[in-house]
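Enquirer: Here it is: the structure, laid out below.
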Amino acid sequence: MSHSRYFFTSESVSEGHPDKVSDQISDAVLDEFIKQDPNSRVACETFVTTGQVIVGGEVTTKGIVDIQTIARKTITEIGYTKGEYMFDANSCGVLSALHSQSPDINRGVDRKEEIEDEFDRVGAGDQGMMFGYACTDTPELMPAAIQYAQELVRLLAEIRKEGKIMTYLRPDSKSQVTLEYDENDKVLRVDAVVVSTQHDPEPAGMSEAEFQEVIKNDIIENVIRKVIPAELIDENTKFHINPTGRFEIGGPHGDTGLTGRKIIVDTYGGAAPHGGGAFSGKDPSKVDRSAAYAARHVAKNIVAAGLADKCTVQVSYAIGVARPVSIYINTHGTGKHGLSDSQIQEKAEAIFDLRPLAIIRRFNLDRPHGWCYRDTAAYGHFGREQFPWEKTEKVAELKAAFGL
């Protein structure tokens, strides 16, 4: 590579962040619709603020879903169960404004029985471009900064829910990780870690400064050092823990939350392009979601097969049309075995069917088993082995295509 050493940063937020509360409610609603009717068409958006939840969007389904119950159950499981949070699962208002999907969209997406190939009958739910990415930074083939950032807030939530240590934790938190890379795009060290977590008021007899010092030490020892490999931390690594001090007011009372506002947290932490479409609350006929999952699957299998150290995949669609308008693969000059990007792309297009119904069937997106959409709505949609688009079952086929 021609560039010199450089720094790269990614952030994440916990399940208690207001935007993630919204994402999880939207996906919990989607899960229930799909459970009752796998052919449900759902576009569910959620707004949360002080003492209030609004769920809106468009649905075509045979299912009947109790929005109140799902919203309150989700909020309870996240941990907003106390009146002092000013957003409480038992007392907040829940307004449902879901209505029927436009028949104009339905007509383009739903099956056209006169077409012979079943996978050609189901068109994309919208136009747009989606990206997938993989690299050799981590065993999960994810960029390291976002992977560590996700794990930090996930562990923080686990500690909070366990309730054995750090019992002052409240649900809202954020993380940020800055890595230093060498000239060959290999991670050298962690330069900085930022963690901000909501917490209870300081205990009686303890000053704010003393309490923040306790929080800082707890997070460094019980969270950061458990997540970040020790060899990446050195004497120059900086830890910024609750850098503004007190963080008692948080969650939907501190900031309004909306579905779909954490699309970089949901994906690759800025290490790869993003087509702009959010995931949560959307059924799998919407290629914003399903094709992004498929593009990750393609990229991950290419890297796992040893064809490249990095891979970006772009796929684009026209509404109502099943076959992608375009497919683009870029290995960023890291291709192996003398393979060009065009050679890799030609074989990948033959191996991976990127028509919407083919994607849905490959990953059972209309009948999730062993996972649910709400699982995806916090801590990232990628780099987590429970999801079917993370499988590398196409590695042998890719290698065989090149005689490897």
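Backbone N, Cα and C define each Cβ position, glycine as well.
In case it helps, Swiss-Prot gives these features for our protein:
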{"type": "BINDING", "residues": "HIS17, ASP172, SER173, LYS174, ARG246, PHE247, ASP255, ARG261, LYS262, ALA278, LYS282", "note": "ATP binding site"}
{"type": "BINDING", "residues": "ASP19", "note": "Mg(2+) binding site"}
{"type": "BINDING", "residues": "GLU45", "note": "K(+) binding site"}
{"type": "BINDING", "residues": "GLU58, GLN101, ASP255, LYS286", "note": "L-methionine binding site"}
{"type": "COMPBIAS", "residues": "1-13", "note": "compositional bias 'Polar residues'"}
{"type": "REGION", "residues": "1-20", "note": "region 'Disordered'"}
{"type": "REGION", "residues": "101-111", "note": "region 'Flexible loop'"}
Enquirer: Within the region 'Disordered' (1-20), how many residues are helix, strand or coil going by DSSP?
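Expert: Per-class counts: 3 helix, 8 strand, 9 coil.
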Enquirer: Identify which of the binding-site residues HIS17, ARG246, LYS286 has its Cβ surrounded by the largest number of other Cβ atoms within 10 Å, counting every protein chain shown.
Expert: HIS17
Enquirer: With LYS262 (ATP binding site) as the reference Cα, tell me which of the binding-site residues ASP19, GLU58, GLN101, LYS286 is the closest one.
Expert: ASP19
Enquirer: Around ASP19 (Mg(2+) binding site), which residues of its chain at least 6 apart sit with Cβ under 8 Å of its Cβ?
Expert: VAL13, GLY257, LEU258, THR259, ARG261, LYS262
Enquirer: Filter the binding-site residues GLU45, SER173, ARG246, ASP255 down to the ones within 10 angstroms of GLU58 (L-methionine binding site), Cα to Cα, kept in sequence order.
Expert: GLU45
Enquirer: At the level of the C-alpha atoms, what whole-angstrom distance separates SER173 (ATP binding site) and the residue listed as 'K(+) binding site'?
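Expert: Their Cα atoms are separated by 22 Å.
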Enquirer: Rounded to a whole angstrom, what is the C-alpha distance between GLU45 (K(+) binding site) and GLN101 (L-methionine binding site)?
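Expert: GLU45 (K(+) binding site) to GLN101 (L-methionine binding site), Cα-Cα distance: 13 Å.
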Enquirer: Around GLN101 (L-methionine binding site), which residues of its chain at least 6 apart sit with Cβ under 8 Å of its Cβ?
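Expert: Listed in sequence order, they are ARG41, ALA43, GLU58, VAL59, THR60.
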Enquirer: So, three-state DSSP: helix, strand or coil for ARG246 (ATP binding site)?
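Expert: DSSP call for ARG246 (ATP binding site): coil, neither helix nor strand.
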Enquirer: How long is the line from the C-alpha of ASP255 (ATP binding site) to the C-alpha of LYS286 (L-methionine binding site), rounded to the nearest angstrom?
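Expert: The Cα atom of ASP255 (ATP binding site) is 29 Å away from the Cα atom of LYS286 (L-methionine binding site).
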Enquirer: Could you give the Cα-Cα distance between ARG246 (ATP binding site) and LYS286 (L-methionine binding site), in whole Å?
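Expert: Computed Cα spacing between ARG246 (ATP binding site) and LYS286 (L-methionine binding site) is 41 Å.
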